[in-house]
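Colleague: Here's the feature list from TrEMBL:
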COILED    48-102  coiled coil
TRANSMEM  112-132  transmembrane segment
DOMAIN    119-457  domain 'Major facilitator superfamily (MFS) profile'
TRANSMEM  168-191  transmembrane segment
TRANSMEM  198-216  transmembrane segment
TRANSMEM  228-248  transmembrane segment
TRANSMEM  260-278  transmembrane segment
TRANSMEM  290-310  transmembrane segment
TRANSMEM  376-397  transmembrane segment
TRANSMEM  417-434  transmembrane segment
């Protein structure tokens with residue numbers, strides 16, 4: 001009810017009361033009896049009392065309306081204030097988006113510098129080590145088996161069975177993967193404990209130790225030393241698969257991270273091809289040369305030990321893990337060849353805030369989470385599709401597979417080199433294709449090609 005309605009009602013009641021009083025007074029003037037006068041006065045008194053109550057009620061209602069109007073005005077002021085704050089917030093968000101857009105453009109303008117290229121080359125030697133030791137055991141299979149036969153006969157005075165020699169060679173092959181699994185599990189801990197660069201430098205101690213054990217296997221006349229060397233170099237390569245991609249992705253500019261991620265796979269395939277080329281009979285694929293072939297794994301480790309100390313530690317590790325902002329700035333200035341590193345610092349700070357806002361979950365929670373189940377299954381199937389493609393059998397046994405199909409030993413080794421060359425070429429081809437066709441499309445195309453070949457066989 002508005003203030004005007006209340007006033008109008010009050011006026012109406014007063015008018016009615018006035019008319020009633022006037023009528024009563026007229027009756028009194030015309031009448032001449034005392035009783036009627038008394039009755040009329042009582043009625044007038046009653047009418048006045050009712051009028052007084054009506055006036056008081058109207059005053060109460062008017063007071064309530066005034067209070068309501070004050071409250072409404074206060075609420076309107078609050079709404080106006082909130083509206084102004086929303087406008088200020090919108091302007092701030094617009095400025096922040098513009099600033100973020102400019103920062104991203106500046107980050108995307110960053111390119112390869114000489115020192116960044118040098119750091120990437122020094123780090124990627126670890127993946128070259130992985131590829132080399134994956135393929136190096138393939139070509140000299142017959143030579144290694146002959147060595148194991150000689151050692152067994154010298155020890156026990158009898159010839160070893162073909163079945164047992166195959167088992168011993170299988171141990172030499174598979175123990176590398178066991179060591180790699182152990183090293184892969186330890187990579188995260190080592191990266192946080194010693195740093196990305198520090199972890200790579202310490203890991204080379206394992207690389208040198210494993211290479212020396214394999215290189216002196218024939219001299220020591222012990223195939224157990226070959227097993228131990230393969231296991232240690234496997235741990236070394238497992239750590240490299242964690243530390244090298246981590247280091248490269250953290251020192252690379254934002255616009256180069258995707259492309260530089262393929263450098264790891266390129267180094268692996270180059271290492272595979274190198275080990276296959278050196279394993280032919282004309283170079284080191286002989287009964288006297290195979291220990292040198294395996295011992296050459298020391299070269300990437302020593303070369304990395306010489307080159308990597310000059311490189312800076314990962315800026316992300318320095319800033320987020322160690323909270324050494326000034327050291328992170330120095331590292332970025334060296335890698336970017338520029339003093340303008342604030343965009344990189346802000347990007348890492350934003351990443352740190354995002355990580356802190358995310359809740360950590362255990363492995364059991366990851367497996368049981370309905371939200372994460374689909375990404376988990378996709379990741380597992382992606383890895384299984386790679387492992388079950390049979391590529392590992394090709395890495396380790398392609399020479400013997402070609403020989404069993406009718407090729408000579410020399411031709412089988414050259415066929416293996418052909419596989420390695422195709423892998424290097426396809427890795428180079430996939431780098432520009434990934435951004436054009438997408439990762440999923442390329443992966444499905446590779447799986448489809450493999451399935452068609454199996455059907456044809």
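Placement of Cβ uses the backbone N, Cα and C atoms for every residue, glycine included.
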Colleague: If you average per-residue pLDDT over the coiled coil (48-102), what number do you get?
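Modeller: PLDDT averaged over the stretch: 78.
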Colleague: Apart from its near flanks, which chain residues at least 6 from the ends of the transmembrane segment (376-397) lie with a Cβ under 8 angstroms of it?
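Modeller: Residues 134-135, 137-138, 141, 173, 272, 366-367, 419, 443, 447, 450 contact the transmembrane segment (376-397) from elsewhere in the chain.
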Colleague: In the same chain, who gets a Cβ under 8 Å from the transmembrane segment (112-132) while lying at least 6 residues past its ends?
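Modeller: 200, 203, 207, 233, 236-237, 240-241, 243-244, 247-248, 251-253, 256, 260, 263-265, 267-272, 274-275, 296-297, 300-301, 303-304, 307-308, 310-312, 334-337.
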